[in-house]
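Pulled from TrEMBL:
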type	residues	note
TRANSMEM	20-39	transmembrane segment
TRANSMEM	51-73	transmembrane segment
TRANSMEM	94-111	transmembrane segment
TRANSMEM	131-152	transmembrane segment
TRANSMEM	164-185	transmembrane segment
TRANSMEM	205-225	transmembrane segment
TRANSMEM	245-264	transmembrane segment
TRANSMEM	294-319	transmembrane segment
TRANSMEM	331-354	transmembrane segment
TRANSMEM	360-378	transmembrane segment
TRANSMEM	390-407	transmembrane segment
TRANSMEM	427-446	transmembrane segment
Amino acid sequence: MQVSASSRATSNANSRARAITVAGLALFAMFFGAGNLIFPVMLGTEAGTNVFPALAGFLGTGVLLPVLAIIAASSSKDGTPREVAERIGKIPGTVLLFAMFLTTGMFYAVPRVSAVSYEMAIAPLVPGADSGGGIGLAIYSFVFFTVVYLLVSRPSRVVERVGGYLTPALLILMAILVITVVIKLPPAGNPPAPKYVDSPVSTGLLQGYFTMDAIAGFVFGLIIVTNLRNTGFATQRSSFRATSAASLVAGVFLAVVYIGLAMIGTRVAGDGYANGAEALSGVAQQFYGTGGQVLFGAIAILACLTTATGLLTSSTAFFRSYFPSISYNTMLVGQLLIAFGFSNMGLEAILNLIEPVNQLVYPVVITLVVTTLVDILIPGRLYWTYRISAWVAAFVSLFEALWATKLEIFAGLRPLLDAMPLGTNHLPFAVPAVIAFVCGFAIDIAQGRLRHALAQPNLSGNTGGTAK
């Protein structure tokens, strides 16, 4: 009986470890879209001999920040981002969530990965193909979204399908390309570009910040928490710990892949490639001929497919939480049809519309993540800290967003924004948000919300922060 009990315990532990690993691999692949494939290569190309300090900065905001966003989003009592977002106020939190899920879903990110994967993978192999649109893109988008539908139609299987099958395939193809280039090509030894000469770490931090993956951390956290709760981590404390572990697995894989891609960048610096996609395609063809383009294309398609799968799974679950009378399948198909339409309409116009929204949303998300992490350590007490810091970040970022519309009427905002601390880096919200955080924290202390929490740290796994 003891042996049997021991075997069951071991089997249960192995099952839980596998669930966390698969969830972590799925999370990695969902994060790793087309932009994540390109940015590190360009960082390596431009940073040159300063690549390692630049990478340290990039990993801080491009990996650590999204991982912390997942941990923050999963810290609520129900494990969803809704309760966390509403800590800044019910109406502002709801607006923030809809902005996040619409821009990372059917209005921009999902149609973008379809169009970009066509441009990277299919257009170079088809003579006369127009990467900007046309019948070729329409056919490809239809096939792409059909595959996404098949992957997402059973939400309980999404994490297993992505983490158990698609991610290993993506990692194997990535390893073939990265290892080949790193072994066969020596570093070019190019001097760093001007922006990487004096402050490579801070420049890397900014490059990682502009991936805006912390928003995706909030979005993907919904899938991972739900999956892990369905695989044995039923309590709030166990699901929070499992989600944190899965996010760390994803972070490790992201860091390793980013480093490998940056090493490719250091080896093709000076070869005249216009962007990271051209560099990866070029070196793949250098070693494998036409098969190299097929290899790079397969990587691009898998990266975009897994990202679209994760985004649509999360957005469908999110929208159904507000509109439960609409069936899962109807909600999914509706989003796919909208994404299909946008992917064939030209993404420049969509980008011009979405960029101002991102400039407004992302600073609020960052302040929310930071405050939530503090609230995990000092649980259930913060109130004004959430609200004041987020509101101030939103107020300042509104002017950055207005300038990002590129309308002539708002052109005069740029000198004012640049005059603010970090304004020239398009981060004018940072210092005001920190000051607002301190003020909100002081108010919470003055109103007695922290007295017991500071004396008795959180050991119960209750990471909610909704106390008034």
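Every residue, even glycine, has its Cβ placed from backbone N, Cα and C.
Annotations in TrEMBL come from automatic prediction, not curation.
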Query - Segment proximity, the transmembrane segment (331-354) to the transmembrane segment (164-185), 3 or more C-beta pairs under 8 Å - result: no
Report summary line: When counting C-beta pairs under 8 angstroms to the transmembrane segment (94-111), the leading stretch of 51-73, 245-264, 331-354, 390-407, 427-446 is 331-354
Query raised in the report: What parts of the chain pack near the transmembrane segment (331-354), using Cβ distances under 8 Å and only residues at least 6 beyond its ends?
Result: 103, 105-108, 110-112, 114-115, 132-133, 137-138, 141-142, 145, 148-149, 152-153, 312, 315-316, 319-320, 323, 405-406
Report summary line: Answer key: the stretch among 20-39, 51-73, 131-152, 360-378, 427-446 with most Cβ pairs under 8 A to the transmembrane segment (294-319) is 20-39
Query raised in the report: Is the transmembrane segment (360-378) in contact with the transmembrane segment (20-39), using three or more Cβ pairs under 8 angstroms as the rule and ignoring pairs under 6 apart in sequence?
Result: no
Query raised in the report: the transmembrane segment (245-264): which same-chain residues, six or more beyond its ends, come within Cβ distance under 8 Å?
Result: 20-21, 23-25, 27-28, 31-32, 36-37, 40-41, 43-44, 47, 51, 54-55, 58-59, 62-64, 66-67, 70-71, 171, 174, 177-178, 181-182, 187, 217, 224, 228, 276, 279-280, 283
